[in-house]
Structures are given as C-alpha cells and as structure tokens.
Amino acid sequence: MIVSSYRMPGSAQANGEATWPKDVGVIALEIYFPSQYVDQAELEQFDGVSAGKYTVGLGQARMGFCSDREDINSLCLTVVQRLMERNGLSYDQVGRLEVGTETIIDKSKSVKTVVMQLFEESGNTDVEGIDTTNACYGGTAALFNAVNWVESSSWDGRYALVVAGDIAVYATGSARPTGGAGAIAMLVGPNAPLAFDRGLRGTHMQHAYDFYKPDMASEYPVVDGKLSIECYLSALDRCYSVYRNKIHAQWQREGVDKRFSLEDFGYMVFHSPYCKLVQKSLARLVLSDFLSHPRPNTETGPFSGLEAFREVKPEETYFNRDVEKAFMKASTEMFDQKTKASLLVSNQNGNMYTPSVYGCLASVIAQHTPQHLAGQRIGLFSYGSGFAATLYSLRVSQDATPGSGLDKICASLCDLKARLDSRRKVSPAMFAENMQLREETHHLAPYVPQGAVEELFHGTWYLTRVDEKHRREYSRCSLNDDLPLEAGLVNSTTATEQHIPSPVKKMPRLPASTAGPEAVTVSNGDH
C-alpha cells in the first residue's frame, strides 16, 4: 500500500489494491552490446569442429565480445546514460538504482556505486539499491526489487532504474561459443506500457553445482553442461506449473472458467544461453500443457499423434530424444508465432547472462508495431544457475496511439537490427588473442588497456587505466563524429529523442545545463 498525500494518475480512491500505483512495470528500455563480433561459422572452422556445431547445434550466428577497454562498470555506465539521454530524463527523477550482474571485478564495492557518478551533477544522492548476484538471475531479482519498491510504502514517487549487465567469457573449448556481452537498462514506474501481472510469478529455487565461479582470480566459470540443462528444464517445468496454478486461482476468483495454456501468451521469451535451448524450452511447455490437460485432442491440432507420450513422467524426459523430437515438431508453429522473434539479440550477440531474457524482450518489441503488441500478455522465464528461476508475465498497454508509452518504447528500439548490423566483424584469430589478453590482464594493477578506443560505438564509456590500488578510471566516447573522442558528458538535451515526464509531476526538474561538451574522466572511487 502506498501512503501519500497525492494521487497517481489513473489511481482510484479506494482501499486495498486500488491504492497501489496503477500498472507498475517497464516504461523505457535501452540495450547496449559491444561494437565487435566474431562469426560463429568462421569460429567453427577456426576451432576445427564440424560445420554446424555452433550455428545449427547451438543456433548461434554471431557472438559479441569486449576488448580490455570495457568492463562491467563501463557497460553499465554506457547503458544508463544512453537510456537517460534518449528519454529526456534528469537524474533527480530516479529514487532507486538496482544492478543485477555476475561479472565481479570487486568483492566489496558495488557496480551501482560506480554508476552513481552519473548522478553527481544533479546533486541526487538519495538513491536506494545496490547489486544483486546469482548467475543469470540477478537482473530479474533487481527488477523485482524495483517493482516491489514502487508498490511499497517506501516509494517516494520517483522512478526506479534497473541495470542488468555481464561479460560472458569461457575458457577455450566447447563452451566458448556460448559467450557474449551486453547490458540492459529499464526504467520502472507506474502507468507503464509493459505492466507486471500482479501476483503471477512462479518461482523455483534449489541448490546445484551446474554452473558456478569459485575461482576469484578467473573470469571463467566451472560448468557441468548436462546438469545445467537438466536444472534449466526442471526449473522451467516447476515455474510453469506454479504460474499456471496461480492464474487458475486468479481466474476462479474473477469467475473465469477456463484452462490456462501457452495459447494465452501472445509471446513467450526465455533466458537464452543459446538459441537451440530456447526452442527446446518452448517444446517443453507444450509437453507440460499436454500432460496437464485432462482430455487432450490427439486426433487434430497441436497434440495430434502424441498419444504415445500420455503417461511419460516429466522428470524422466530431460534427455529423451523421442520426447524432444516429437514436441519440438508439435510446437514448431507456436515457436514461429510466439518465440522466434525474441532470439534476434541472442542469435546475433550471444548470451549476455543477466540481460539475456531482457534482450529477448527487446527483440520482440523491436520487431513488432505498437498495434501488434497492444493488449498482449508476454511470458518471461528467467533462469540463473545454482539455481534460481521465475516465470512471470507482463501485460502490454492497450494504448498504441502515436505518442503513447507503448509507441515510445517501440520507437526507441526500432533501430535494434540496424545497430547489430553496424558492428565490426573480427576474425576468430583476433577474437582468440583478445580472450587471451583478457585472461592475462583483467585483474592486473596497475594496467593501461590496449584496445582501440576509436572502434567503440559513439557514447560508449571505456576503461582508461587501473592504478596501483586497483582504482579504475573511465572516459566516454563522443556521441557523434563532430566531437572529439573523449568529449565525456554532454547536455542530455542534445541527444533527447523523446521525453518521459516524472511519475509525480510535482518532482523538481534540474534546469538544463548551458555548458558545452567537456572532457570527463571518472573513477571507481578512493575506498
């Protein structure tokens, strides 16, 4: 319940749920990925594996990667400032900043505190939240924290900002092509075009050593590939079952007499370690719908010809090729309609860990018009090894008119494919050299990075040096070709593409700076 002297737009004067802010969810979304990639078909040849092992077997086409000029701090600095500039926001409008990441470069100091340097000019230091870590699930936990804050008595009327970012790298071997890198920033508040379905979360938490990072001196994880797949699929089964039970209970309270199935999702997106696992995951949900249905039609429709699998036990089918093949075939049309579009970033950039499922959400938004998305329910499955998982849903606003929140978030992502295509392709040999350089230097101090700054995207924050006390300093590339390379912070009004007002109109706005671009260098602090 929110305790307040003002009314949120659209809220009702009533007790209980009606006093909560209306339609809390994602208002704006920004994505960042590195400016360079390696082609997976070329990597197959370089690694000496069979043709199609990465491209067909894993479903991957390209893999983005960072040079030693970028780290988790710079990724988050970049995506936060880009979101703020593109949406015409001032930093005093943010009251909570949450970071989800498993890319650890400091065992004590949070990435969030580094990102707070962007807030200094505004004078806003009253910003709650810190980092959340559990493999790829940290971004989702951070998002839930933000939503819960807005819906709580702690909320002060300002936005929450959620950042999920990671650099996914693996030692030489079969896991290396499942890497990637990137960051997502999401603005959370009321009256959102992507609103959370309140009370509809199915969560499963359990202990397993499927993927973990016990070596503090290495970026590389320890991976039990087979166990990891089993954990992922078992978590999916259980989360979907819990979600389905909750929505059935909700519908019963509302007097709705129907069964929930995948047909009730307009789109279904997943955490994507690699694209082929996502396709298998959708098939897994079709299996769940089939087994839970009291009288499935096996003569016609999606379940036709599946009567032989009526008595299978889900926990015994994780590696059953007959079940997998049958249900992947049965789910082909549904995959094309509800999930395939979500794999654009995953296929072209690889696994981003915590931002992965939100890169899939961005991919759906980028490839559909507001009119196509309006009113849809989007299911999201988030998984983090170790393991933690949740399946939940967002409801897309019905308002697709020009200038609406839905229209704005679609417009902000409409250039996603063009941005992916604008990256520079790097040879597998250069990629391998880059990975070796990261392996040898990512914890060195003092250290001056060797990567070429001019090859970064405009507006990218990058590492300039690490001093003898491991303190990191950063600068920012200019936003366009007309400015010198280390132009640093610029007045946000020069880059504004749209304006999102404060959720509380009474919130003060800082006057726009009249100063021109100036060189800015930031560090990760003295403590």
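Cβ coordinates are placed from backbone N, Cα and C, and glycine is handled just like the others.
Here is what TrEMBL says about this protein:
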DOMAIN    20-193  domain 'Hydroxymethylglutaryl-coenzyme A synthase N-terminal'
ACT_SITE  GLU102  active site, proton donor/acceptor
ACT_SITE  CYS136  active site, acyl-thioester intermediate
DOMAIN    195-476  domain 'Hydroxymethylglutaryl-coenzyme A synthase C-terminal'
BINDING   SER228, LYS276, LYS280  CoA binding site
ACT_SITE  HIS271  active site, proton donor/acceptor
REGION    494-527  region 'Disordered'
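Of all the recorded positions in the record (GLU102, CYS136, SER228, LYS280), the one with the smallest CA separation from HIS271 (active site, proton donor/acceptor) is CYS136. Under a cutoff of 8 A between CB atoms, and with a sequence separation of 6+ in the same chain, the neighbours of SER228 (CoA binding site) are ASP210, PHE211, PRO273, SER385. A 10 Å cutoff on Cβ-Cβ distances gives HIS271 (active site, proton donor/acceptor) a total of 32 other Cβ atoms nearby, all chains included.
Measuring Cα to Cα from GLU102 (active site, proton donor/acceptor), the recorded positions that fall within 10 Å are CYS136, out of CYS136, LYS276, LYS280. Least crowded of the recorded positions (GLU102, LYS276, LYS280), judged by neighbouring Cβ atoms within 10 Å of its own Cβ: LYS276. Counting only same-chain residues at least 6 apart in sequence, those with a Cβ under 8 Å from the Cβ of CYS136 (active site, acyl-thioester intermediate) are GLU102, ASP166, HIS271, PRO273, TYR353, THR354, SER356, VAL357, SER382, TYR383, GLY384, SER385.
In sequence order, ILE229, TYR232, LEU233, PRO273, TYR274, LEU277, VAL278, SER281 are the residues of the same chain, not among SER228, LYS276, LYS280, whose CB sits within 8 A of the CB centroid for the CoA site.
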